Amino acid sequence: MNLRIGHGYDVHKFGDSGPITICGVKIDYEQGLLAHSDGDVALHALCDALLGALALGDIGGHFPDTDAQFKGADSRALLRHVMTLVNEHGYEIGNLDLTIVAQAPKMAPHIQAMRENIRQDVNAQLNQVNVKATTTEKLGFAGRKEGIACYAVVLLNKSIAA
């Protein structure tokens with residue numbers, strides 16, 4: 001197969017004091033996200049999408065929250081590891097698109113830094129990486145400011161070198 005599509009989703013609830021980390025960007029906020037790792041909901045969704053595209057399971061199977069070595073783990077490092085698997089299977093990024101669902105904090109001021117971090121970690125061009133954010137108009141858990149969710153979609157292309 002020359003093309004593979006993956007979809008990922010993750011959610012973390014708010015808990016302790018902030019800041020939060022989204023796409024490797026630290027964002028000041030009154031609460032942090034509860035998680036075994038750094039709680040980067042967007043990069044977790046992206047890792048799931050990449051793993052799913054290659055039928056390699058999910059982030060929990062590769063980085064279990066029962067394993068102490070992943071306590072407080074930097075999700076950018078997890079993403080880079082997942083990308084080594086993508087490359088070892090002979091694929092590269094075609095494009096990726098993330099949708100962050102959060103009533104607060106506002107993501108817009110941080111979107112370009114998020115895109116740049118991802119671009120670096122997946123070895124892609126900036127025009128292959130899209131990150132956007134939306135609210136739920138105060139509906140549901142995100143609207144009540146109980147947590148943040150993220151959806152990720154990726155298209156992988158067979159590498160020319162493969």
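Just so it is clear, glycine is given a Cβ too, placed from its N, Cα and C backbone atoms.
In Swiss-Prot this protein carries:
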- D10, H12, H44: divalent metal cation binding site (BINDING)
- 10-12, 36-37, 58-60, 63-67, 102-108, 134-137, F141, R144: 4-CDP-2-C-methyl-D-erythritol 2-phosphate binding site (BINDING)
- H36: site 'Transition state stabilizer' (SITE)
- T135: site 'Transition state stabilizer' (SITE)
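Feature map: annotations from Swiss-Prot on the structure.
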{"residue": "D10", "record": "divalent metal cation binding site", "DSSP (3 states)": "strand"}
{"residue": "H36", "record": "site 'Transition state stabilizer'", "DSSP (3 states)": "coil"}
{"residue": "H44", "record": "divalent metal cation binding site", "DSSP (3 states)": "helix"}
{"residue": "F63", "record": "4-CDP-2-C-methyl-D-erythritol 2-phosphate binding site", "DSSP (3 states)": "coil"}
{"residue": "P105", "record": "4-CDP-2-C-methyl-D-erythritol 2-phosphate binding site", "DSSP (3 states)": "coil"}
{"residue": "T134", "record": "4-CDP-2-C-methyl-D-erythritol 2-phosphate binding site", "DSSP (3 states)": "strand"}
{"residue": "F141", "record": "4-CDP-2-C-methyl-D-erythritol 2-phosphate binding site", "DSSP (3 states)": "helix"}
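Put plainly, the recorded positions H12, H36, H44 were compared by Cβ crowding within 10 Å, and the winner is H44. Proximity of D10 (divalent metal cation binding site) to non-local residues of its own chain (separation of 6 or more, Cβ distance below 8 Å) is seen for V41, A42, H44, A45, D48, I59, A149, C150, given in sequence order. Taking the Cβ of F63 (4-CDP-2-C-methyl-D-erythritol 2-phosphate binding site) as centre and 10 Å as the limit, one finds 20 other Cβ atoms among all the protein chains shown. For T135 (site 'Transition state stabilizer'), the nearest of the recorded positions by C-alpha distance turns out to be P105; the candidates were H12, H36, S37, F63, P105. Between the CA atoms of T134 (4-CDP-2-C-methyl-D-erythritol 2-phosphate binding site) and H12 (divalent metal cation binding site) there is a gap of 16 Å.
For the pair P105 (4-CDP-2-C-methyl-D-erythritol 2-phosphate binding site) and H12 (divalent metal cation binding site), the Cα-Cα distance reads 14 Å.
Listed in chain order, the extra residues whose Cβ falls within 8 Å of the Cβ center of the divalent metal cation site residues D10, H12, H44 are V11, L33, A35, G39, D40, V41, A42, L43, A45, A149, C150. For F141 (4-CDP-2-C-methyl-D-erythritol 2-phosphate binding site), the same-chain residues 6+ apart in sequence whose C-beta sits under 8 angstroms from its C-beta are V11, K13, G147, A149. In this structure, the recorded positions under consideration are S37, T135, and the one with the smallest number of other Cβ atoms within 10 Å of its Cβ is T135. A separation of roughly 10 Å, to the nearest angstrom, links the Cα atoms of H36 (site 'Transition state stabilizer') and F63 (4-CDP-2-C-methyl-D-erythritol 2-phosphate binding site).
With the fewest other C-beta atoms within 10 Å around its C-beta, T134 stands out among the binding-site residues P105, T134.
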